[in-house]
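Noted in Swiss-Prot for the protein shown:
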- HIS155: active site, proton donor/acceptor (ACT_SITE)
- LYS159: active site, proton donor (ACT_SITE)
- GLY8, ALA9, ALA10, GLY11, ARG12, MET13, GLU34, GLY98, SER99, THR100, ALA122, PRO123, ASN124, MET125: NAD(+) binding site (BINDING)
- ARG35: NADP(+) binding site (BINDING)
- HIS156, GLY165, THR166: (S)-2,3,4,5-tetrahydrodipicolinate binding site (BINDING)
Amino acid sequence: MVKIAVCGAAGRMGGRIIAAISETEGAVVSGALERLGHPMVGQDAGFNAGLGAIGVTISDDLTAVVQGCDVLIDFTTPKVSLKNLEVCGLNKKSIVIGSTGFTPEERALAAELAKDIPVVLAPNMSVGVNVCFKVLADVAKILGDDFDVEIVEAHHKMKKDSPSGTAVRMGEVVAEALGRDYNKVANFHREGICGERTKDEIGMQTIRGGDIVGEHTVYFIGMGERIEITHRAHTRDMFSRGSVRAAKWVVSQKPGLYDMQDVLGLR
């Protein structure tokens, strides 16, 4: 039985993860964590998940929660995730991180900390999205430089980072397949007389509004034809189920930094 703790247990995503753990054979909720001063600290974690009481109290004691689990699932912010990763490292516990918005420097720090424990760091835990990553690489290699690439993503109005971590990863996957440096070819803004589109650029466009869970479309646009590869998330349950799958997988791995491509055996 894999003992899984959840960081951000009182949030929307945290509740869905707790529900997913309860539905997963071979896994159990061992701890629930929230920030200091959160009004749900001290309450049973099952209520936010729609399960009723499950006998696990939401705590603000990070070290105690980590020490009581095999693996921590974290959907917070890069700053909080790195702190949680450090504490997991000190206690030799695995961690699954689904937070987005990491800078290159923060990702490098995560990789350094992952030398001591197995870590899954993925911008999107969905099986479908990770299949898309593989498909995008294959399509980009086949089409080469003859097709322009544009990426459009849409999320709910509460999302804090832009573009989404998934959209960035899609851009990175395509750029790598085409032998380009994503950081040099990504174009996030077009306005006014900005000149013709360059051959190598990858356009990144963002939509924010309402309660959109998540939509991503990658356009491969040629002369007289185009290919669109789209993934639409209808609920957050796919992310929560994916994170639990990653948690069960990572506890048996060697120290290192992994992503969902590793979890799903897509490499």
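Placed from the backbone N, Cα and C atoms, the Cβ positions cover glycine too.
A map of Swiss-Prot features onto the structure.
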residue: GLY8; record: NAD(+) binding site; contacts (Cβ under 8 Å, 6+ apart): GLY14, LEU33, GLU34, ASP74, PHE75, THR76
residue: ALA10; record: NAD(+) binding site; contacts (Cβ under 8 Å, 6+ apart): ALA32, GLU34, HIS38, MET40, ALA45, ASN48, ILE58
residue: SER99; record: NAD(+) binding site; contacts (Cβ under 8 Å, 6+ apart): ASP74, PHE75, THR76, THR77, PRO78, VAL80, SER81
residue: ALA122; record: NAD(+) binding site; contacts (Cβ under 8 Å, 6+ apart): ILE97, GLY98, ASN130, ALA246, ASP259, MET260, VAL263
residue: ASN124; record: NAD(+) binding site; contacts (Cβ under 8 Å, 6+ apart): GLY98, ASN130, GLY165, THR166, ARG169, GLY214, PHE239, GLY242, MET260
residue: HIS155; record: active site, proton donor/acceptor; contacts (Cβ under 8 Å, 6+ apart): SER164, ILE207, ARG208, ILE212, VAL213, GLY214, GLU215
residue: HIS156; record: (S)-2,3,4,5-tetrahydrodipicolinate binding site; contacts (Cβ under 8 Å, 6+ apart): ARG208, GLY209, GLY210, ASP211, ILE212, VAL213
C-alpha spacing of LYS159 (active site, proton donor) relative to ARG12 (NAD(+) binding site), in angstrom: 13
Residue pair the residue listed as 'NADP(+) binding site', the residue listed as 'active site, proton donor' - Cα distance, angstrom, rounded: 19
Listed recorded positions (ARG12, ARG35, LYS159), ranked by Cβ neighbours within 10 Å, top entry: LYS159
Local backbone state of ASN124 (NAD(+) binding site), from DSSP in three classes: coil
Most distant Cα pair in Å, residues GLY8, ALA9, ALA10, GLY11, ARG12, MET13, GLU34, GLY98, SER99, THR100, ALA122, PRO123, ASN124, MET125 binding NAD(+): 22
DSSP-derived class (H/G/I helix, E/B strand, else coil) of HIS155 (active site, proton donor/acceptor): strand
Other CB atoms, at most 10 A from the CB of THR166 ((S)-2,3,4,5-tetrahydrodipicolinate binding site): 25
Residue among the binding-site residues GLU34, GLY165 whose Cβ has the most other Cβ atoms within 10 Å: GLU34
Collapsed DSSP category at ARG35 (NADP(+) binding site): coil
Mapped DSSP class for SER99 (NAD(+) binding site), helix or strand or coil: coil
